[in-house]
Amino acid sequence: MSTGTGNTLLARPRCGFPIPEFSLAGYCSVFGFHGGCKSIKAIASRTKSSKQATAQLPLALPPPHGTSKMKSFAATFLTLVAAGVTRAAVTKRVTCATGQTTANAACCVLFPVLDDIQENLFDGGECGEEVHESLRLTFHDAIGFSPTKGTQFLPSLGGGADGSVITFDDPETSFPANLGIDDIIDAQKPIIARHNITPGDFVQFAGAVGVSNCPGAPRLEFLLGRPVAKAASPIGLVPEPFDTITDVLARFAEVNFSPPEVVALLASHTIAAADHVDESIPGTPFDSTPGIFDTQLFIEMQLRGVLFPGDGSHPGQVESPLEGIIRLNTDATLARDDRTSCTWQSFVNNQAKMQTEFRAAMAKMAIIGHSRASLIDCSDVIPVPKPVVGKAHLPAGKSMHDIEQACATAAFPTLTADPGPQTSVPAVPPS
């Protein structure tokens, strides 16, 4: 085939691209670009259609003259080829039978699951009780893994984020730390049965979808491909609110989480509520804005505790700063411990930092017990959350004098209080 410039194009030269015969074969061998062809072909293999990728590349190139010019030309040419192929890989989308598009055809199975979850689990897309419980379930399932507590013949215990909490709900729902999770498991099981999805994938997918319903939340990563759990997680791997901070941090360190990552994970409590810490007040939230993924948890946890919101003190509970919210011992201690207090305080008026670090910590937690390389990235199926509502503030009736400063290296940010009478927080209603 002639281009009209005297350069003959090969149908498929060594690199597998329609390029001038003098250019790549010669440059790769003569001028030191021996890995050039191989590198470009490797990039092309990341797409499903190298023909579409190469369609964006130049079909004819003028022959340069002089050794230095040829070397420069070769380098530029290889860069253009790589850029063209990479661009094609990034922009290619798959249209599913349902009409939605995604980056990977394997992710198409998730759109019907998404619709079912939003309609029948989350009441049409609310950030309510089932979202709180689904998010809790992601953690209780994933943390059920230990690489050190096994035996000589079975050194690790549990499968991590594998859905064993559903597949083996008996015995896992009977574990003391899992008190109350049987309700959300019972709500999720029928949806799993209607779709081609493993319990391990569903638990993490439902959690990510639920979080997307809460204004201010980050769009969480979701990876598809967890196999069905082969065994139940053993008892004793889920931290409890009455555990010491040293024990909590040690449990997380077993699964390679640092103290700052533990604090980041606890951002989940900004859209959470407790049913069983004090059963006289079910649905009691941990901060004053349980329907918004904001930084109020990190602010209000630093307020001086003055009351118990229910019928008195219970194991794992400490005094709360406001009527209508409950405070866990572990949360309060993490906010004040030298190992974690400055990380805690860093989220107080930094919504973007909280979002970014929570997303990273959740992505890490969601693949405990799995290899990232074995899973498929379907994050683009997760809806984009709405922006945060409001800004960081002290609850009405509180002032900076009520803050218990804990971080030794930075002052607590100055905040203003909402106007009006002292804040009292209503319970999160059941669906």
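Each Cβ is built from the backbone N, Cα and C atoms, and glycine gets one as well.
Unlike curated records, TrEMBL annotations are generated automatically.
The number of other Cβ atoms within 10 Å of the Cβ belonging to His269 (heme b binding site), over all protein chains shown, comes to 22. Summarising the annotation, TrEMBL assigns heme b binding site to His269.
Sequence-distant neighbours of Asp294 (Ca(2+) 2 binding site): residues of the same chain at least 6 apart with a C-beta under 8 Å from its C-beta are Gly216, Thr270, Gln351, Val388, Val389, Gly390, Ala392. Per TrEMBL, Ca(2+) 2 binding site is recorded for Thr270, Asp287, Thr289, Asp294.
Annotated disulfide bond per TrEMBL: Cys96-Cys108 (among others), in sequence order. Residues near Cys96 (disulfide bond) in space but far in sequence (CB under 8 A, at least 6 apart, same chain), listed by position: Thr102, Ala105, Cys107, Cys108, Phe111.
The disulfide bond annotation in TrEMBL covers Cys107-Cys378 (among others). Just so you know, the Cβ of Cys378 (disulfide bond) picks up 24 other Cβ atoms within 10 Å once every protein chain is counted.
Here Cys127 (disulfide bond) comes close to Gly210, Asn213, Cys214, Pro215, Ile271, Gly291, Ile292, Phe293: these same-chain residues lie at least six apart in sequence, with C-beta atoms under 8 angstroms from its C-beta. The disulfide bond annotation in TrEMBL covers Cys127-Cys214 (among others).
TrEMBL lists Cys342-Cys407 (among others) with the feature disulfide bond. With a cut-off of 8 Å between CB atoms and residues at least 6 apart in sequence, the same chain places Ser341, Cys342, Trp344, Gln345 near Cys407 (disulfide bond), listed in sequence order.
The domain 'Plant heme peroxidase family profile' annotation in TrEMBL covers 135-411.
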Subject >> Which of Cys107, Cys214, Cys342, all disulfide-bonded residues, has a Cβ with the fewest other Cβ atoms inside 10 Å >> reply: Cys342
**OP:** Using the centroid of the Cβ atoms of Thr270, Asp287, Thr289, Asp294 as reference, list every other same-chain residue with Cβ within 8 Å of it (recorded Ca(2+) 2 site), in sequence order.
**Re:** Ile271, Ser288, Pro290, Ile292, Phe293, Thr295, Gln296, Leu297, Glu300
Subject >> From binding-site residues His269, Asp287, Thr289, the one whose Cα lies nearest Cys378 (disulfide bond) >> reply: His269
**OP:** Would you mind giving the whole-number mean pLDDT across the domain 'Plant heme peroxidase family profile' (135-411)?
**Re:** 96
**OP:** List the residues of the same chain that sit at least 6 positions away from Asp287 (Ca(2+) 2 binding site) in sequence and have their Cβ under 8 Å from its Cβ, in sequence order, or write 'none'.
**Re:** His269, Thr270, Gln296, Leu297, Ile299, Glu300, Met301, Ile325, Val425
Original post:
Out of Thr270, Thr289, which of the binding-site residues has the smallest number of neighbouring Cβ atoms within 10 Å?
Top reply: Thr289
